[in-house]
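Asker: The following feature annotations were taken from TrEMBL:
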type: BINDING; residues: B:Glu174, B:Arg220, B:His445, B:Arg486; note: L-aspartate binding site
type: BINDING; residues: B:Arg220, B:Asp221, B:Glu222, B:Gln229, B:Glu479, B:Gly531, B:Phe532, B:Asp533, B:Arg534; note: ATP binding site
type: DOMAIN; residues: B:151-552; note: domain 'Aminoacyl-transfer RNA synthetases class-II family profile'
type: REGION; residues: B:198-201; note: region 'Aspartate'
There are 2 protein chains.
Amino acid sequence: MYRSHTCGELRKENIGEEVILSGWVQKLRNKGFMMWVDLRDRYGITQLIFDEERTSKEIMEQASQLGREYVVQIKGKVIERESKNPQLPTGDIEILVSEYEVLNASLTPPFTIENDTDGGEELRMKYRYLDIRRNPVKESLMFRHKVGMQVRNYLSNQGFIEIETPYLIKSTPEGARDFVVPSRMNEGQFYALPQSPQTFKQLLMVGGMDKYFQIVKCFRDEDLRADRQPEFTQIDCEMAFVEQEDILNTFEGLTKHLLKEIRGFEIDNFPRMTYAEAMRKYGNDKPDIRFGMEFTELNDLAKGKGFPIFDDQELVVGIAVPGAGAYTRKEIDNLVAWVKRPQIGANGLIWVKYNEDGSLKSSVDKFYSQEDLLSWAGLSGAKAGDLILVMSGETNKTRTQLSALRMHLATELGLRDPNVFAPLWVLDFPLLEWDEETNRYHAMHHPFTSPKPEDIKLLETNPGAVRANAYDLVLNGNEIGGGSIRIHDKATQAKMFDYLGFTPEEAKEQFGFLMNAFEFGAPPHGGVAFGFDRLVAILDGKETIRDYIAFPKNNNGRDVMIDAPAKLDEAQLRELHLEVKL
Amino acid sequence: MYRSHTCGELRKENIGEEVILSGWVQKLRNKGFMMWVDLRDRYGITQLIFDEERTSKEIMEQASQLGREYVVQIKGKVIERESKNPQLPTGDIEILVSEYEVLNASLTPPFTIENDTDGGEELRMKYRYLDIRRNPVKESLMFRHKVGMQVRNYLSNQGFIEIETPYLIKSTPEGARDFVVPSRMNEGQFYALPQSPQTFKQLLMVGGMDKYFQIVKCFRDEDLRADRQPEFTQIDCEMAFVEQEDILNTFEGLTKHLLKEIRGFEIDNFPRMTYAEAMRKYGNDKPDIRFGMEFTELNDLAKGKGFPIFDDQELVVGIAVPGAGAYTRKEIDNLVAWVKRPQIGANGLIWVKYNEDGSLKSSVDKFYSQEDLLSWAGLSGAKAGDLILVMSGETNKTRTQLSALRMHLATELGLRDPNVFAPLWVLDFPLLEWDEETNRYHAMHHPFTSPKPEDIKLLETNPGAVRANAYDLVLNGNEIGGGSIRIHDKATQAKMFDYLGFTPEEAKEQFGFLMNAFEFGAPPHGGVAFGFDRLVAILDGKETIRDYIAFPKNNNGRDVMIDAPAKLDEAQLRELHLEVKL
C-alpha cells in the first residue's frame, strides 16, 4: 500500500494516527537538527517533520539528501503542529516521520513548480507533465472535468443520448481546411477528420434519435490565430421536432444550470437581441453586455454642420464613456493613437468632454456649438463627468472600430469582471455573407441552415438581407455556442447548394448521402454546438483556453513536448502510396 | 409546437385530452371508411384513427395518400381503444385525428423498418440513418449511452478525472500501424492518430493527476478481421501510487457496478487465474468460464501404451463433455471433421464414450483397456453419459485446437447463455512473446509494462518465462479489459527498449519525452483499458459490436453511407505537399 491517506486529507481529528503518505517534495527547510518537508499530491500538501530527537540519525541523514520533486513514501505519526498554518487545510497537523523511502529521484525541474512559476510558455509546454503539477493547471483540468460531468448529466437527464459519430469521414471543401488521413487499404484514397459532426447529427435526426449530444473533438487545419487549437472540443447537440424557441429554451437551461452548479451564479431569462441590433448597438455580433456604452448614431445631429469628416461619411457614431470626462489630454491622445494603430485602422477619433460644471469641450468646437454637443450628450445618455467618443466612416468598418475601442475602454476601466456573467442570445443572423476573395456569397453559418421563410423571396433580389433561423449564445463578449434550424427538405437544400455555387454534381458527390437521407422522411430539426474549451475557460473566469487543455499545441500546430508532427520513414510512406513533394 | 407528447407516452389516464404528436408512419391499415396509422418516434408507437363518421372527408382523403415513413404531425383527442393491444405501452388508447400535416414525404425505404428487417448488412449500412430507426439498433445506441453514463459517474465518484488527450500525436512503430495525418503548416511532416493514449496517460501520472480516465476513440490501420473497426472506443484509465491489487479492486468495482446497475446481475469477488493456469485448463488466455469442460492432461495415463499418435507427442489432453455420451457415430464424425478443418488444423480427435451402463467405448480400444479408459474418465471428471474427447500434439497448438473445440461444443450444447455473466481476472501474463516473423521477442502488452521483480533475472536466460505485472479482465470468453503496472524508472525503461531491439537513438526519438519525464520524479503507476464497444455488446448479451456503433465501417474500412475514404483533388494534395503513387 502506497498511502493510507492523501496529502490533502489529514486534520486535527487524525492526531495520534499512524499514516502512510506518498507524494512529491514541494519544499524543504533544514535547520540542521530539524527538517520540514512539504509533501504534495493532487489533493494538497502535508508538512512532514524530521527532528534529531525523535527521528533516527539514518533517516535524518538520508532525508537531508532529498531534492525538490523527489517522489517519496513516508510512514509516521500525525502530531499537532506548533505553528499552525491557517492557509493550508492540513495546517493544524504535521507528520513525524518514522520510515521513509525514495520512490523516485528527480532532476531539478526546468521551472519552479509553484502557483507563479518562472517558466515561459514554450518551456512549460515542452515539460507539460511538470506544468500540470502546478495548482493552476491541475485545477483547470479538474474544473474542465467537473463542467463536462455537469453537461453530460444535465443533457442525459433531459433525455439526450450521447452518440459517438465517426472521426474517419470524408473531406468536404466547405469552410476551413480538413485534416486528411490516407487509407492504406483503399489505395490513393483519404479520409478526413471532422470539422464538426454536422452532417452525422442531421442523419441521426433522420434516424429518429431526436435528442442527440456529444462532447467531441473537432479538427481544423487553419492557420492558427492566437488561442486557437487545430483540435478542439465541442458540445454538439441536435434535436428533431423542434422550433428555434425549443432549442433556445433547452440550452438556456443548460447554461443556467452550469452557471448555478459550477459558479453559484443565478440568472433569470437571458436577454435576446437580433444580429442587426447587436451590430447597431455594439458594432459586434457577440457584444459584451456586462457594461453599457451602447452606440449612439449621430448622423442626424452631426451631419450638415460643415464638418467634412462627418458630412462625407456613411455613419457617425459615438459612445459615452462613464466617468472618463476627467481623462487628461494625454490620456485622450493615447486613445486617438490607439484607434489609429493598423490593427484598428481608424482615421481619427472625435472627443467631447462633458465637464462637471455642465460645459462641453470638444475636439470639434470649431464646427459645433454647445447646444449641438449637448444634443449629442442627450442622445448618447452622457452625463456630466463623462466623455463622448465619436467615429465616422463606412458603416461596417466604423462599427467594428468603435466596438474595439469600447472593449479597450471597458478593460481599462475595469468593467469586464470575469466573475460576473452576462449571457445573451443573438438571433436572426444573415443567411449569407459576402466573400471579398471569391466575390460571391458564402453561407454564414453553414449550407444546412434554413432561411427564414418570410425572407426566401429576397434570395434573388437582396441576398445579403435574407435572415437565417440561426442564433448564437454569447457570454461576456464571447460566442460560446451557435446553431440553427436546418433545412430538412431536399428541394430547399438543393436550391441552397445551387445558390452557394455548387454544381448538382458537386453537391451530389459531397453531400449526396444527406440529400438521399432527406428523401426518406427527414423531420424538422435544428441544433447547437458549444465551444467546450472556451466555455470552460469563461466559466472559470479566465481568458485563454490553453490551461484547460491537457496537452495543447503551439501556434504552429506543434506539440513541442512529443515533437509532433514529424517526418515519416520511407517505408511508411510507401505503404501509404505517398510521396512528399516540397 | 411540434408535439405535446411523444408517441410512447399516452395512457388510459390521458383519455379525453387534446394532444399533438409528430412521428413517422410505421404502418397503415385502410378499411375504406376507417383507417389506422401507427405513428412512431424514438419513444414508442401510438395508434391514430381516422373514421368517416368523425373525421372530415378532406382529411380522410389526404391521409389515405400517406405512405410508410412519411413524417406527419397530428392533432387529435385521446380516446379509449376498442381492441386493446397489451403488447404496446400505449395499447389502451388511440388518437382520433382532427388535424394533420405532412411534415415530409418519404420514398419507399430500401428495406423494412421493422425489428426483423429484410435488408442485408451492406444495404443497411448504406442507409444507416434508416437502420437506426429500427428498434434493435436504436436501443443498442441508447444502451451504449446508458453504459457510458454509468462508467463516467462511477469513476468520477471514485475521484477519477476525465482528461482529454490529443488526437494529433506522433507516429510510433510499435505494434499495429498508425493512421497518419499530413500537416500543411509543417511541410512534409505528419501527425499520427493514437492507437491508445498510453504515453499521455503515463505523463499525466508524472504530472500528478493520480486517477485519470477517458472514454476515447483509438485508431488502428490494421487489416480488419471480422467485427473489428479502424476506429474504436476505449475506456482508458491510469492510477498512480497503486499496486496491481489496487487496480484490480478498482475496476472489479466498476464492472460489478455495471453488471448490477445495467443488468441487475450481482456477483461476488471475481475469480482469478494466472495466464499459465488459463492456458493449461482452457488452452486460452480468455477462457469462458460460464461452463466447465476444463482440460485434463493425460500424458501420464495415455502415453506408453503403444498408441503412436499419443506416444510421439508433447501433450495429450482431453475434455469431458457432459451428456454427450449419447452422441451418434455421425455426430462424433462431424466433430472429428470439424477439428480437421483448416481453420482448426488438428490431425484428429480421439473419443471415449462413457456409456450409461458404465462401460466405455472408444476410437482407440485397440490400445487401451477399459481400466485405462476408466482412469481417463476419473481424471477428467467424466461420468456415465459423458463423452471424452482427446487431442495430442505440440503443447500450444493442441491447447488452441482443443480450446476451439470446447467453445464449439459449448455453443452446440447451449452452455453460452448471453444473459449469464462470468467475469475472470487473468494474471501474470508473460512479458514477452516470440514473433515468428521477425524472429525475436516482442512486448506482449506494450513496452511500458513492468516485469515482475523476481523474474527480471530470467531476462537473460529464459526471456519467454519472464512474467509481467499484467492482467486482463475476461467476461464470457472475451477480453474486455487489460492493463499492467508500468515501468516508472528511466533505467528499467531504457533496458526494456534495448531488450526489444530499439537502438538508444530510436528509443530517444520515439519515446524521448517519456524517458525525459521519468527523470523528474515519476510515481509508481499502472492502469487498464477496456474495449468499450465490446463491453457494451457483451453487457447487452450480444455477440457483435456493429449495432453499438452509430456509423460503423465495413470490413474494408469503408463508410459505405458517405462513401469514404475518397480521392482528394490535386489542389488539396498540392497544399499538403503530397503526391499519390500507386
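The backbone N, Cα and C atoms fix where each Cβ goes, and this holds for glycine too.
Any TrEMBL annotation is an automated prediction that lacks curation.
Let's see these features in context: how buried, what's close, how far.
Answerer: Long-range C-beta contacts of B:His445 (L-aspartate binding site), restricted to its own chain and to partners at least six residues apart, with a cutoff below 8 Å, comprise B:Phe429, B:Leu431, B:Ala468, B:Ala470, B:Gly482, B:Gly483, B:Ser484.
DSSP assigns B:Phe532 (ATP binding site) to a helix.
Residues 165-166, 169, 212, 214, 236-238, 446, 448, 511, 513-514, 527 of the same chain, all 6+ positions outside the region 'Aspartate' (B:198-201), place their C-beta atoms under 8 angstroms from a C-beta of that stretch.
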Asker: Check the region 'Aspartate' (B:198-201) for me and report the mean pLDDT.
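Answerer: Its mean pLDDT is 96.
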Asker: Treating G and I as helix alongside H, and B as strand alongside E, what does DSSP give for the region 'Aspartate' (B:198-201) in helix, strand and coil?
Answerer: 4 helix, 0 strand, 0 coil
Asker: Return the maximum Cα to Cα distance in Å (whole number) over the record's ATP-binding residues: B:Arg220, B:Asp221, B:Glu222, B:Gln229, B:Glu479, B:Gly531, B:Phe532, B:Asp533, B:Arg534.
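Answerer: In whole numbers, the farthest two Cα atoms are 21 Å apart.
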Asker: Output, ordered by sequence, the same-chain residues six or more apart from B:Phe532 (ATP binding site) with a CB under 8 Å from its CB, or 'none'.
Answerer: B:Val147, B:Gly148, B:Val151, B:Ile215, B:Phe232, B:Thr233, B:Gln234, B:Ile235
Asker: Where B:Glu222 (ATP binding site) and B:Arg486 (L-aspartate binding site) are concerned, what is their Cα separation in Å, rounded?
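Answerer: That separation, Cα to Cα, works out to 26 Å.
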Asker: Would you mind reading off the Cα separation of B:Glu479 (ATP binding site) from B:Arg220 (L-aspartate binding site), to the nearest angstrom?
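Answerer: Roughly 18 Å, rounded to the nearest whole number.
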Asker: When DSSP is mapped onto helix/strand/coil, what comes out for B:Arg220 (L-aspartate binding site)?
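Answerer: Going by the DSSP assignment, B:Arg220 (L-aspartate binding site) belongs to neither helix nor strand, so it counts as coil.
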